[in-house]
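Single-structure report; data block below.
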Amino acid sequence: MERSSLAVILAAGDSTRMKSSKSKVLHPVAGRPMIGHVVEAVAGAGVGAVALVVGRDADNVAAAASLKGLQVEAFLQKERKGTGHAVLAAREAIKRGFDDVIVAYGDVPLITSATLDRAREAIAAGADVAVIGFHTDRPTGYGRLLVENGELVAIREEKDATDEERKVTWCNSGLMAINGRNALDLLDRIGNSNVKGEYYLTDVVEIARSLGRRAIAIDAPEKELTGCNNRAELAFIERLWQERRRHELMVDGVSMIAPETVFLSFDTKIGQDVLIEPNVVFGPGVTIEPGAIVHAFSHLEGAHLAEGAVVGPFARLRPGANLHANAKVGNFCEVKKAEIGEGAKVNHLTYIGDAFVGAGSNIGAGAITCNYDGYNKSETRIGANSFIGSNSSLVAPVTIGERAYIASGSVITDDVPADALAFGRARQEVKPGRAVALRERAKAQKEAKKKSS
């Protein structure tokens, strides 16, 4: 029988050290609010319900924590009286009865489903409390996990630790799992007889043991448990996330020439044998099929590249850009809300927006689709195997038929039939010797200005 699980995610802090107009859990890591990463991790661990403890920016935090298919309920913590008090803000959710309760933090976005799974497994195996800890060579400031004969006997805060206990390098992350059937009994026994008068969640370890119940500690990588309190730590977490995701992609068959210069989003999907050159940035919503190439200094967001497509260098793909197989968008091009058909080429210095470019078509340098009249967007449709000459302007709405030719420098405002050749420019005139007269006149004007000044 599958075990039921509730995750209580604490996200009610004032975020003072972040020095921000919004809660720190709303700050993005890889293009997604921190809280969103935590919710995804608990969902991946099989959690069926989330109790989100909120304070500042409650509505925005709750919105950022929503995840399709997962029940997320927000509980307002009106007063800040410690972590134990924060968890009990979700009392109504806890008392519904779950096999296990996970306590996580909205500002620890690198936590993985695998680690949370292990905590749940420990509860399923008979422990009443499973605390997630980490080993570090810099334990100063952290609570220490005191273990005897494989059992966690206490979490000792540094200020209360003996000299011998301070030598312990296994530290408390704050995350834990609790037997859901006993959770309220344990939590309600937490007292506030301390200098700050607060209710500390860490007390559940000694409370459980005093009742003859088991508490254990499980280990996780220190980096995974990194918390965020200020902008410097946010940048560090971003770096750790990027390093981890790049490594995962490269192990899965993606080539990156200089991975440290590639920046991914939380939902970037890249297939095998894709080559990513240096200094590429992926915004949210990008999918790249096998065998595609993204050249250096390109920026992609909300785009899809089919097998064998080529982008860049110095290209920008905006939301709705869809490159079919073997299509190419080259240097200094921008594509937005446009289909680029199979084998079509948009090689350089071009803007294609709100458009359809048929298979095999060639878009010359400097050609643009004029899609906006100041009020409305309109579509440009270019048929298969058409040729759009350099420096042409296609004024939407307009349709270019299959195999049509547009002469260079044209301004096209009317539809062009298939197989037609269209010109939309003034006829060239040549006036022999006129350049000499123009130069003499300009020179005389310049001399006259000098004399008058």
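Cβ coordinates are placed from backbone N, Cα and C, and glycine is handled just like the others.
The candidate list Arg425, Arg427 contains one residue that Swiss-Prot assigns to the acetyl-CoA site with Ala365, Asn371, Tyr372, Ser390, Ser408, namely Arg425. For the binding site of acetyl-CoA, formed by Ala365, Asn371, Tyr372, Ser390, Ser408, Arg425 according to the record, the largest Cα to Cα distance is 22 Å, rounded to a whole number.
Taken residue by residue with DSSP, Leu10 (UDP-N-acetyl-alpha-D-glucosamine binding site) is part of a strand.
Among the listed binding-site residues, namely Gly13, Gly82, Gly106, the Cβ with the most fellow Cβ atoms inside 10 Å is that of Gly106. Non-local neighbourhood of Glu157 (UDP-N-acetyl-alpha-D-glucosamine binding site): Gly143, Thr202, each in the same chain, at least six residues away, with C-beta under 8 Å from its C-beta. Note: the Cα of Arg318 (UDP-N-acetyl-alpha-D-glucosamine binding site) and the Cα of His348 (active site, proton acceptor) are spaced 16 Å from each other.
Residue pair Leu10 (UDP-N-acetyl-alpha-D-glucosamine binding site) / Ser390 (acetyl-CoA binding site) shows a Cα separation of 58 Å.
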